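Asks: Below are the C-alpha cells for one structure; questions will follow.
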Amino acid sequence: MEKEKGNDDGIPDQENSLDFSEHFNQLELLETHGHLIPTGTQSLWVGNSDEDEEQDDKNEEWYRLQEKKMEKDPSRLLLWAAEKNRLTTVRRLLSEKATHVNTRDEDEYTPLHRAAYSGHLDIVQELIAQGADVHAVTVDGWTPLHSACKWNNTRVASFLLQHDADINAQTKGLLTPLHLAAGNRDSKDTLELLLMNRYVKPGLKNNLEETAFDIARRTSIYHYLFEIVEGCTNSSPQS
C-alpha cells in the first residue's frame, strides 16, 4: 500500500526497498503487491496511452464485478473499496460490521491508509466518522498522514491533522510526514500545510541524520518554503 518504494532522487529508500531476484515474476508481483502502486498520482509520461485510458475508463459494471468477487471477504473488499473510492460500498460494509473499519492487509495498511494515499477525501471522512484509527501504523511505521503527505494529498492531510493525527510521527526509519513531503518534487501545497502548523518540528532527523530541509534542499525546488519556520523555536534540530 505504501505507494513509495524508493526515494524520488533515485536512491532506494532504506525502509522500503525491495530486493528482486534475477528471475522474479512481474505478473505475480503485480497480483500480490498491486496495491503498492499509486493510483491517484500523475504520470510523468506525456505521450498518449490507450492502455492508460482504458484503465481510467472502467465502468460501473466492472467495479461491481470486482466487488462481487470479493463479497465473501468483507475485510478485503473494504480495503479495496477505500482505495478505489467506492463510498457506497464502504458505507454498506461498515453498516454491516463497523469493526471492520480498522481491518488490515498483509502490510498492516488499513482502509484509512489506502484512502489517504489515494487522495479520496470522502472515504477518509466516512472512515474517521466510523471510528478509523488515525494513529494506525503499517509494518514500516507509516501512519495515514505519512501516506497522504508522501503523495501530496493536501486536503486529506489537512483533514487528518484536524482529527488528531500526529504531525511529527516517525516511521521505523525515523521519517516524519514532513520528510516525505520534502522528498516529493510536487509537494508544494503539502509542505506549506505542514510548515505552517504550529506543532511541526522541522528539526527532527531520520536514521540518516537528515532533517526534512536537508532532503528538500537536495530533491525539491520548494526548499525555500522552509523559511516559514526559520527562527522558530521548533526549527532547531531537536526532538
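Keep in mind that glycine also has a Cβ here, set from the backbone N, Cα and C atoms.
The following feature annotations were taken from Swiss-Prot:
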MOD_RES   S49  phosphoserine
REPEAT    73-103  repeat 'ANK 1'
REPEAT    107-136  repeat 'ANK 2'
REPEAT    140-169  repeat 'ANK 3'
REPEAT    173-206  repeat 'ANK 4'
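Explain the structural surroundings of these features, please.
Replies: Counting residues per DSSP class in helix, strand and coil order gives 25 helix, 0 strand, 6 coil for the repeat 'ANK 1' (73-103).
Remote same-chain residues near the repeat 'ANK 2' (107-136) are listed as 1-3, 35, 38-40, 78-79, 81-85, 87, 90-91, 94, 98, 101, 142-145, 147-148, 150-151, 153, 155-157, 159-160, 163-166, 169 (criterion: CB distance under 8 Å, separation of at least six residues from the stretch ends).
Restricting the average to the repeat 'ANK 3' (140-169) gives a pLDDT of 98.
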Asks: Please work out the helix, strand and coil residue numbers for the repeat 'ANK 2' (107-136) from the DSSP assignment.
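Replies: Taking each residue of the repeat 'ANK 2' (107-136) in turn, the totals are 17 helix, 0 strand, 13 coil.
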Asks: Mind tallying the repeat 'ANK 3' (140-169) by DSSP state, helix then strand then coil?
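Replies: Reading the DSSP string over the repeat 'ANK 3' (140-169) gives 16 helix, 0 strand, 14 coil.
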